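Worksheet: one structure, shown below.
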């Protein structure tokens, strides 16, 4: 390719050959995207030195790229790049396609905006005049029909008329729909309808409305008697009625599961079986004790006076055998890593600590300790405490990760290679001997990201740390060498959350690209991509048995995904804002979700139904966690308040008053379950963590 080149050496009259300059610009671009192995191979093959590469500036790269885009007609023909005439023709075709797509919205040659508005006005009157027993369910049809009429008026080019229509009738709708309507009012051109997420979602999937058969019959009769072809056409194309037998729901019951961008969950979305039980614990008695030597018979006739040997005492902690849970998945349902000796010792230590756990109740609340980050000019974006409660990791807006030791033991690094060779690899305390005592520090910093760090996550073995960032990468850090060992690339937009599986090896991430991804630490490619949310996925959490992943999204839904199949097995609606935090109960059956709408919702994973909604916070709920024995739910948010809820009573009431049809479940009075509220002094909560002995640890950022 022939390109006209300018001087790249700052006016000293020296010019590089065309091909060489292009190659250097390509290398510069590869270096910018941190493709190190590709860069090294290309430099080696092309015999390019680092000095030559340093002389190329960013403007040179842009100039070469611009020249490549603006190449001559001969190159256009050879590379299939359209000429200006072809581009004009292509843009005309694109406009024709856009006009064709917009015509589908209208779907009426003699479109009359006034006729549509009159039809909506009659529907609104019908809903208002209905009996109270049916009114609340019938009112659920107003929002999707209002939005579809708005789309049709806007697609016809009548922007002001469309805006007036929304402003005139938006007062009929519940408050949680106003945010969505406000975003739709920002659409200024008909062509923008084709790119809007909500518009595309409502085109691809129907808006789901759960309604009693009696209410549905009234609605159909109204459309037929009034001959409302306009409304009937919208209903047939864009609405799905999930009808049920029985009495119609009241206002509270309708609102409880409403609010999602596409209405409520269909019943078939929650029909698949979920193995929510916990995996059977390893038998530590056989793992940690050596096989007994063959003993001689006690009644040896040749030695009648020999004293009898005493059998070794069994540890009561280890001798307890865990019962198999009928709802648990098989141990080999997904491949889990084999436990190393060091992992067995860690689990044994965790069990011993758990045996000293404090039993919590309404009369015995947990003690709480609050770690406040002061003078953080770069801004704390996330915080995480390790499972053994010995380390605290914080992510910052300046793209750094900082780790503190929460115990007198300092953060040590590995010894040098020569010292490691001299160690006895078979010794029981090899992990301790590998660390250099002279290198101990109270805090360490990890640098590598190029954007704010949004989440950190410790591995169960406490020797690895994950972090995700705005730079769309996930980094795996070694806590022995305090360096980045792997960079995972797969998401193309900022990554909001990342979590390790409780059994290690696997981790899950979620992003602005509307997907969540399942990874393994030994592979740089995602094992599963979970696709289904209509907006960015804000938070993610592993199920305690590592077989499932829960995701919360800005589309106001919570989903449960099966790691083995990659399918969505639960869809739960009820939040009125973006879902900001998730936590599984200790038993694995229940899921708690916090949201921007200030609410906490408890879900039953066995059938996907809503258990109860806890209302107390006045701002976004940023963190939720369960006590280790599963009796207390702790939640905290940006309102500087920590709330403790009696989760044992929640589940007790739910099971005793269990109703098979979830849409008849009454909302509980939240004050019955609230145990205590603890305010902080002008410090929003960032993270919560229960230790193995049920001490509650909180992390927050002081805002003056």
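Glycine is treated like the rest: Cβ placed from N, Cα and C.
In TrEMBL, annotation is done automatically, which means it is predicted and not curated.
Keep in mind that what you see is a predicted model, and the values were worked out from it rather than measured.
Segment annotation: TrEMBL labels region 'Disordered' over residues 287-336 (candidates 187-236, 237-286, 287-336, 337-386).
Counted over residue pairs separated by six or more positions, the repeat 'WD' (446-487) shares at least 3 Cβ pairs under 8 angstroms with the repeat 'WD' (373-414), which defines the two as touching.
In terms of DSSP secondary structure, the repeat 'WD' (614-646) contains 0 helix, 20 strand, 13 coil. Sequence-distant contacts of the repeat 'WD' (572-613) (same chain, at least 6 residues past either end, Cβ-Cβ under 8 Å): 175-176, 179, 256-260, 263-265, 269-270, 274, 276-278, 327, 535, 538-545, 550-554, 556-560, 619-630, 633, 635, 637, 639, 645, 647, 650-651, 654, 662, 665, 667-668, 670, 673.
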